[in-house]
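The structure under discussion appears below in the form of structure tokens.
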Amino acid sequence: MSPSAQSIWKDVEQIRSQAPLIQNITNFVVMNNTANALLALGASPAMVHAPDEVEDFIAIASALVVNIGTLDPNFVTGMRLAMKRAKLLKKPIVFDPVGVGATPYRNQVSRALLDLAAPTIIRGNASEIMALAGLNAQTKGVDSTHGSEAALDSARQLSRHFGGVVVISGADDYVVYQDRVAVIGNGHPLMTKVTGMGCTATALIGAFVAVNPDAFQAAVHGMCVMGIAGELAARKTPSPGSLQVSFLDTLYQLTADQIQKTVKLTNQ
Ligand SMILES: Nc1ncnc2c1ncn2[C@@H]1O[C@H](COP(=O)(O)OP(=O)(O)OP(=O)(O)O)[C@@H](O)[C@H]1O
Ligand SMILES: Cc1ncsc1CCO
Ligand SMILES: [Mg+2]
């Protein structure tokens, strides 16, 4: 079934009623933002990265989100253990290759993690998706220097190689799986002035894939809700500090009617 306003709302209701536990191994910059976004959506976040406990924790979690934003060797050990165990236990993995392409360390770690345990869903901006697919893409640290459509071929290639869903975020978001592509036109440019909105999108996808076994749908639903909440929040404020707060409030109060009226989703 193609994703639609109705299927988005069905998953939002599932998340609100089930409050799935989402294990996050994520970066120090966004830990608070993404935990609050998961709570506002209705999920139950836990930021757990110590190598000594990640394997035990994934046993009780419904999905694993791995984000390489503030990478260090201890985090990498935790990521390897958690991803391997998640694979074994058939728990979905969502991977965010923050800043890949910027340094050889990020490239090596990302490729090794993907080879160790192929994620269910990968979400990055255009530069990150292109770098991950092996293109020598220009990147400016954690920000993209390309429009999202520039990474479509790379996303298709990654999806074929790892067998999972690939999301390219940006002004338009693309969700790619095999021969399927969905385009989401929601969002607002002010969202790029709040740190970690991409990381937040990845975390929200973690909640959707925890309640929906169709990973393509889950990724589309997560990106739609992200974009809709950002767009509605930006109608209430012109500045990034209050956008961050308004985004959480909007997410918490999101209704089926708002989704229906705001969603800009094209299934290709
Ligand atoms: N120019 C834009 N116009 C409208 N919405 C946008 C724009 N850029 C980003 N967004 C929104 O912000 C979300 C986050 O995407 P973005 O590509 O900026 O992530 P990112 O670069 O990975 O961010 P970060 O690394 O800070 O987490 C997108 O899914 C989209 O909803
Ligand atoms: C700013 C920043 N630096 C490393 S991770 C991160 C959060 C946005 O990706
Ligand atoms: Mg990012």
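Glycine is no exception: its Cβ is also placed from the backbone N, Cα and C atoms.
Note: TrEMBL annotation is automatic and uncurated.
In the three-state DSSP scheme, GLY196 (substrate binding site) falls into the coil class. The substrate binding site annotation in TrEMBL covers MET47, GLY196.
Per TrEMBL, ATP binding site is recorded for ARG123, SER169. The Cβ of ARG123 (ATP binding site) has 32 other Cβ atoms within 10 Å, all protein chains considered.
Using a 10 Å radius centred on the Cβ of GLY196 (substrate binding site) and all shown protein chains, the other Cβ atoms total 24. Proximity of the binding-site residues (MET47, ARG123, SER169, GLY196) to ligand 2: a Cβ under 6 Å from the molecule is found for GLY196. Within the same chain, residues at least six positions away from MET47 (substrate binding site) with a Cβ under 8 Å of its Cβ are ASN24, ILE25, THR26, MET31, ALA35.
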